[in-house]
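Feature annotation from Swiss-Prot assigns region 'Pyrophosphorylase' to 1-229. Annotation comment: Swiss-Prot describes 11-14, 25, 76, 81-82, 103-105, 140, 154, 169, 227, 333, 351, 366, 377 as UDP-N-acetyl-alpha-D-glucosamine binding site, evidence class sequence analysis. What Swiss-Prot records for 105, 227 is Mg(2+) binding site. Residues or ranges marked as region 'Linker' by Swiss-Prot: 230-250. Taken from Swiss-Prot, the feature region 'N-acetyltransferase' covers 251-456, and the record attributes it to sequence analysis. The active site, proton acceptor feature in Swiss-Prot is assigned to 363. Residues annotated as acetyl-CoA binding site in Swiss-Prot: 380, 386, 387, 405, 423, 440.
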């Protein structure tokens with residue numbers, strides 16, 4: 001079906017009193033992303049020409065959090081109902097476009113459902129998203145005559161008979177821009193709440209002989225709103241369960257789907273294995289046969305084929321070539337790069353550092369602002385001293401270097417190919433190729449030495 005141009009209005013003016021938070025409700029996160037951002041992303045994926053965000057409480061925080069989005073900001077200074085919110089956005093509606101109304105606290109609405117709603121909207125009429133609930137208490141009821149939608153009655157305004165209706169309004173609808181503006185201008189606040197209800201446009205459309213078509217979402221969770229942290233946590237579990245199911249069906253082995261969190265996008269190869277309590281954040285790529293141990297956090301990183309990440313390792317903004325091994329308890333910070341077959345062991349931290357092919361950093365080491373060649377062995381307790389309190393400097397270590405334990409490399413410094421650094425050395429000058437650098441104080445020995453003894 002050929003669709004008209006479409007713009008989206010997202011209502012996000014509510015304070016969210018029941019969240020007990022200084023943060024606007026729609027900025028609370030689900031799967032690591034603000035609820036309203038999920039809705040904005042859906043609108044953009046649907047091809048919205050414009051996204052109008054109606055805001056009120058916490059406007060500065062909203063603008064700061066969503067500054068990278070191409071949004072039209074619409075202020076609703078007083079929260080006088082959904083109809084009033086739409087009235088604030090109405091001056092921006094084009095007559096020949098469709099207007100889709102969404103909510104910033106309904107984060108799991110799917111693009112597929114919205115596209116079906118868009119396709120179902122009759123010419124000159126309204127497409128309405130509805131669901132049937134066993135217990136519809138508190139929701140606006142869909143009224144029908146001979147099967148046709150005639151209106152929506154809010155729960156507080158409904159008669160006892162109307163309250164028996166199980167089909168309820170989700171609040172999501174689509175209509176033509178010119179029609180929407182005309183109906184919005186006719187709204188009144190003559191109701192129990194003293195508010196302007198967007199739902200009243202359904203009756204107005206019916207009175208004009210316009211067709212109203214109801215569409216149901218694929219899943220109830222798509223239209224569930226969030227008013228408190230309990231509801232948010234429940235939707236988080238729903239979302240994570242859905243993501244885990246998709247990954248399992250795509251061939252990823254999740255040892256316990258209930259203990260896996262995806263807070264971004266995961267691209268993966270074949271035969272990937274992920275143990276319990278792993279968190280994936282941002283954009284992550286896992287190659288073929290990657291294994292991730294329990295308790296790991298992987299963020300905005302690329303992990304090559306046949307890599308193994310042992311338990312409780314944190315990898316952020318890093319790149320690993322094939323067949324690397326990391327951890328347990330390792331930390332790769334932004335700018336860390338491991339070439340093929342490199343090894344980073346327990347309690348090793350890397351930042352803005354490259355580790356060459358086959359090189360090994362076994363344990364208890366910090367490598368920052370460093371470039372390390374191939375087949376290098378870094379002993380335990382090695383530190384690149386890259387910061388003088390004001391500026392950072394680089395350490396360069398050539399191929400086939402052996403660095404003994406408890407070595408400090410005071411940058412800027414270069415260690416030539418094939419050099420050896422003796423254990424306990426503080427390197428302050430460049431070391432030539434194949435040279436031995438040693439700076440230990442000569443050992444002295446006193447025979448028959450007795451330790452002092454405390455007097456009783």
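Using N, Cα and C of the backbone, Cβ positions are placed for all residues, glycine too.
The Cβ of 154 has fewer other Cβ atoms within 10 Å than any other of the binding-site residues 105, 154. Most Cβ neighbours within 10 Å, among the binding-site residues 14, 81, 104: 104 holds that distinction in the structure as shown. In terms of Cα distance, the binding-site residues that sit within 10 Å of residue 363 (active site, proton acceptor) are 380, chosen from 14, 81, 333, 380. Least packed by the Cβ count within 10 Å, out of the binding-site residues 11, 380, 423, is 423. For the binding-site residues shown (227, 377, 386, 405), fewest C-beta neighbours within 10 angstroms: 227. The Cβ of residue 387 (acetyl-CoA binding site) has 368, 393 as same-chain neighbours under 8 Å, each 6 or more residues away in sequence. Taking Cα separation as the measure, residue 104 (UDP-N-acetyl-alpha-D-glucosamine binding site) is nearest to 227 of the binding-site residues 227, 386, 405, 423, 440. All chains included, 12 other C-beta atoms sit within 10 angstroms of the C-beta of residue 440 (acetyl-CoA binding site).
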